[in-house]
């Protein structure tokens, strides 16, 4: 990682730490809620439809907010926009931890908006600031997200059972965006001259006519659909099969840990492959 650090011109170690803490936040606050879904449903007496809406709200926010992220970054800069994303996540965590069913839904939606901004902008910032080390930084980013998700899934149930309840367990997750905020404040003072600008061929309406853009969108969209359905409902399914909340949370965490493993191989694979269609097909078949 030292060669990556030396390639950036502004407090590189703090920049990398901020990126990894933001990556941690983007995953852990979403996956950490799933093992507690049955407790939340029982506490508020939610119907199956209402519970489904609760798990769907972040995904709706992803779809609605993600197209706006580039415009937000052009207006405020990527650094400040990522700071805004962390603030939204903190606000959402606080709201959903209050004793109100309405605030539970509102807070979940706000968290989804923050995650959507971060999901779009953080890879773009990595490509901009680490253009010579994109594969290596993407690997570190993916590894961190998977490991953080595993940690959140495995810990929330024991914390809730230790007397904090599901609200206390979810509120504890605010540690991650708060740490990300503290590490990112120095970066937010810098505004890039041209955040998220694209090449001429793909500018404005050109991307809508690109077959490759639609292929990548479809591939990633289906991948995300499968992933988020499994992440949102696996603990509840396991509990319906007789697993305890702690066991379901641990298995849920193990699944997340498995998603971190590719982060170790990504830098080696991407560095050597000019055409990545083969690896995309292989991953889809798996």
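Backbone N, Cα and C define each Cβ position, glycine as well.
Residues annotated as domain 'Major facilitator superfamily (MFS) profile' in TrEMBL: 11-286.
Annotated transmembrane segment per TrEMBL: 12-37 (among others), in sequence order. Listed as Cβ neighbours of the transmembrane segment (12-37) (distance under 8 Å, sequence separation of 6 or more from its ends, same chain) are residues 1, 4-6, 51, 54-55, 58, 82, 85-86, 89, 92-93, 108, 111, 115, 118-119, 122, 125-126, 129, 137, 140-141, 144-146, 148-149, 151-153, 155-157, 160, 166, 169-170, 173, 176-177, 179-180, 183-184, 186-187, 231-236, 245, 248-249, 252, 256.
Annotation source TrEMBL lists transmembrane segment at 49-70 (among others).
Residues 22, 25, 29, 72, 76, 104, 106-115, 117-118, 121-122, 125, 167-168, 170-171, 173-174, 177-178, 180-181, 184-185, 187-188 of the same chain sit 6 or more residues outside the transmembrane segment (82-98) yet have a Cβ under 8 Å from a Cβ within it. What TrEMBL records for 82-98 (among others) is transmembrane segment.
The transmembrane segment feature in TrEMBL is assigned to 104-126 (among others). Outside the transmembrane segment (104-126), and at least 6 residues removed from its termini, the chain residues within Cβ reach (under 8 Å) are 19, 22-23, 25-26, 29-30, 33, 40, 44, 53-54, 57-62, 64-66, 69-70, 72-73, 78-79, 81-82, 84-89, 91-98, 134, 137-138, 141, 177, 195-196.
Outside the transmembrane segment (138-160) by six or more residues, the chain places 1, 16, 19-20, 23-36, 39, 122-123, 126, 166, 168-170, 172-173, 176, 231, 235, 245-246, 248-250, 252-267, 270 with a CB less than 8 A from a CB of the stretch. As annotated by TrEMBL, transmembrane segment applies to 138-160 (among others).
Residues annotated as transmembrane segment in TrEMBL: 166-185 (among others).
Marked as transmembrane segment by TrEMBL: 206-230 (among others).
Annotation comment: TrEMBL describes 250-270 (among others) as transmembrane segment.
Taken as a whole, the domain 'Major facilitator superfamily (MFS) profile' (11-286) shows an average pLDDT of 85 in this prediction.
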